[in-house]
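A short worksheet on the structure shown next.
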C-alpha cells in the first residue's frame, strides 16, 4: 500500500479518536453503518457536549472577569480623597417663584420693583434674610426680566445655606444676561456648598474674568486645588479605561482569529476525511483475493485484494458512481462483500442476490475496462 495513504488513514483514525463527532457527519454515514455491520460500535458524538461545556466555562470566566473589572473600577473611583469641609446636605424645598417672563411690564411696575429691591437690600443688611427673600420675590414678580434681582436673591439663598435654590436663581439670571458676573459668582459659591468642586471652580473663574471680585477670587483659590485633583484623577481613570478597552479589543480580535483558524482546521479535517473516503486506503478489510469464483470477467482473475485499490486509476470515478455508493452503504451488501473477500469460494452463496451481483458486475465492468 502507498505509505502516503497509510499516513492519511492513520491521521484520520487519530482525528476520529479525538473527536468521534466526525463519524456522525452525513458524509461518514456509510462508514458508521459498515463498522456497525461488522459488529463494531461507533462512539457517541461528544464534540457538541464539550462545546457546550466550553461555552459555559467561557461564560463563567467572562462573568468572573467582569466582576473583577467592576471591583477594579470601583476601587479606582473610591481611592480619590477630597477634603469636603464645609460641604452641606442639599436643600429640597419646592422651587421658588420666578415671575411671569411673558408679562407686560409697565413703568410703574419697574419703579415699584426698584423700591422692593431697595427694601430687600436694607433687610439683608439688617440680617433679616427671610424678609429679604420675600421682598426680592415681590420685586421679581413685578419685573421678572431683570437679571440682577435673581442674582441678589441667590446671594440670600447662599447665606441661608440653600444652594439648590441659589443655583435655580442664578441659572435664570444667566439666561437673561449671560455677561453678568454676579450670577456666576453666587452659583459658584452654591456649588462649593454642595461639594461640586469643578463646577464651583468654573463659575468662580468666569465671574472673575467678567468682573474681578476679591471675594470670588478668594473662594476660587480655595476650590481650585480640589477641582484640579478631581480632573487629574479623572484623566488617570480615563487613561486606564482606554488602555483596558484597547487591550480588550486586541483580545477580542485574537480570539476571533483563533476561532476562525479553528473553524478552518475543522473544515480542512472534514474535507480530508471526505477525500479519504473517496480513496479509502486499504479498501475493504480482508482485501479481495484474486481468482474470484464465478468470475469478475475482464479483471484477469486477479484482483489482489482491495488493499491495492487505493492506488488504482479510476477508483474515484468508481466511488462517485451513485449505484456503487448506494450498494456500499447497504449493510447486507457490505457483509456479503466482506464474506467473499475473506473466502472467495463463498461467492456461490450470493449468486441469487441481485444487489450483491449487481455491485460485482459494476466493479467487473469498471476494472475490466482498465486492464
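Glycine too: its Cβ is placed from the backbone N, Cα and C atoms.
Keep in mind that this is a model prediction, so the values were computed, not measured.
For 49-72 (among others), the entry in Swiss-Prot reads compositional bias 'Basic and acidic residues'.
The helix, strand and coil residue counts that DSSP assigns across the compositional bias 'Basic and acidic residues' (255-271) are 17 helix, 0 strand, 0 coil. Annotation source Swiss-Prot lists compositional bias 'Basic and acidic residues' at 255-271 (among others).
Residues or ranges marked as compositional bias 'Gly residues' by Swiss-Prot: 280-296.
Sequence annotations record features per position, and here Swiss-Prot assigns domain 'STI1' to 321-360.
Mapped onto three states, the DSSP output places residue 348 (phosphoserine) in helix. Under the heading phosphoserine, Swiss-Prot lists 348, citing similarity to another entry as support.
Less than 8 angstroms from the CB of residue 355 (N6-acetyllysine) sit 327, 330, 332, 333, each of them six or more residues away in the same chain. For 355 (among others), the entry in Swiss-Prot reads N6-acetyllysine, with the evidence type a large-scale study or a structure entry.
For 362 (among others), the entry in Swiss-Prot reads N6-acetyllysine, with the evidence type a large-scale study or a structure entry. For the recorded site, residue 362 (N6-acetyllysine), the DSSP three-state label reads helix.
Residues annotated as region 'Disordered' in Swiss-Prot: 38-80 (among others).
The region 'Disordered' feature in Swiss-Prot is assigned to 255-296 (among others).
In the predicted model, residues of the repeat 'TPR 1' (113-146) average a pLDDT of 96. The repeat 'TPR 1' annotation in Swiss-Prot covers 113-146.
What Swiss-Prot lists as repeat 'TPR 2' is 147-180.
What Swiss-Prot lists as repeat 'TPR 3' is 181-214. Outside the repeat 'TPR 3' (181-214) by six or more residues, the chain places 82, 84, 86-88, 90, 147-148, 150-152, 154-155, 157-158, 161, 163-164, 166-167, 169-171, 173-174, 220, 222-224, 226-228, 230-231 with a CB less than 8 A from a CB of the stretch.
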Intrachain residues whose Cβ lies under 8 Å of the compositional bias 'Basic and acidic residues' (255-271), provided they are six or more past its termini: 15, 22, 25, 27
Cα distance (Å, whole number) from residue 362 (N6-acetyllysine) to residue 348 (phosphoserine): 18
DSSP helix/strand/coil residue counts for the repeat 'TPR 3' (181-214): 29 helix, 0 strand, 5 coil
